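What follows is one structure encoded as structure tokens, with my remarks underneath.
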Amino acid sequence: MAGSLAASAFFPVPGSSPAASARSSKNTTGELPENLSVRGIVAKPNPSPGAMQVKAQAQALPKVNGTKVNLKTTSPDKEDIIPYTAPKTFYNQLPDWSMLLAAVTTIFLAAEKQWTLLDWKPKKPDMLADTFGFGRIIQDGLVFRQNFLIRSYEIGADRTASIETLMNHLQETALNHVKTAGLLGDGFGATPEMSKRNLIWVVSKIQLLVERYPSWGDMVQVDTWVAAAGKNGMRRDWHVRDYNSGQTILRATSVWVMMNKNTRRLSKMPDEVRAEIGPYFNGRSAISEEQGEKLPKPGTTFDGAATKQFTRKGLTPKWSDLDVNQHVNNVKYIGWILESAPISILEKHELASMTLDYRKECGRDSVLQSLTAVSGECDDGNTESSIQCDHLLQLESGADIVKAHTEWRPKRAQGEGNMGFFPAESA
């Protein structure tokens, strides 16, 4: 009995069920008869057109990847639509390659940009080593060098860089020198030991000699260094050259002293500060002693020639004229000094040298006047002679702020040694 039960489990008895009848009625080719559905249920004699369509589909079983797919048919009364799902393959389970490629590309470009900024090297010999204008220390750590490109807004009416532009370059290199050397404290150009004692640097004297003026688009190279000046002062020199030709543009020297930031009084140089800056002292001088000069008093004559006096009153500093130490920037004084210079000098002559002696600082509420004494012919008809001027910038109350002496030479014709002049405009 047990054996018959086991046999009936694998070989059904005919007539035991409709499904068994259907399985037993297969033809020799293994195909189902036309009157049977894929489920093995006997179809009705008069099926609906939908059922006929299902039977037709059942006769030709579709294949996907070489495997027959068993489609589910609906009953004669109701059809069920089963959506087709593609079989899972290795390719279908892979991520979206386009999204992955875009992410990898973005990361690569960002990394390349950062690497370019961190490890930039010139690709051509004629490219600047100091491309970003940060400057660097050279000559055994005693000289700081920085390059500047002359911008369009830094040139004047004669299409060359103004003296204020060149003076700003000198001041910028001085501060960057202190910063690059690691001596910049929490003050404006002050060393750490100076910051502890509330000391700041103030300029006492500046002398500069200008050989030529650069033009828009020219690159200038500025070298600066420091040296001792007496017991309590420091001297800072500059040498400005044309980057391409190496020709000298300007040479300058200056003397700086210390002032207490709170009391606004001059102070001696502490030994701790001298120990900080002493290793950077360089004995070289940009201007020799023979080229140095002492300022005469305003109103004096030169070679017996009579002087002419010019005055400009009502000069007041703006908020933008103040530096971080809350006094007028020393470059601003130059503009005020030239306010009283005759226009005939400015049009037909160029500044060849200037010496400034700073006497007193100027605050934002000050009202000043500029005085200029001219020695030499400055008439419109005479443009061949050199001119000397003495200047005095003072408060309207009478206190002297800056004394200055300037020398002027006739402007060179375009192309005669003054580099970078624009060619004459064509008609």
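Using N, Cα and C of the backbone, Cβ positions are placed for all residues, glycine too.
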Pick from 1-38, 39-76, 229-266: which range does TrEMBL record as region 'Disordered'?
1-38
For the domain 'Acyl-ACP thioesterase N-terminal hotdog' (141-277), would you mind checking the mean pLDDT of the predicted model?
93
Per DSSP, what is the helix/strand/coil residue tally across the domain 'Acyl-ACP thioesterase N-terminal hotdog' (141-277)?
33 helix, 59 strand, 45 coil
Per DSSP, what is the residue count of the domain 'Acyl-ACP thioesterase-like C-terminal' (306-409) in each of helix, strand and coil?
19 helix, 48 strand, 37 coil
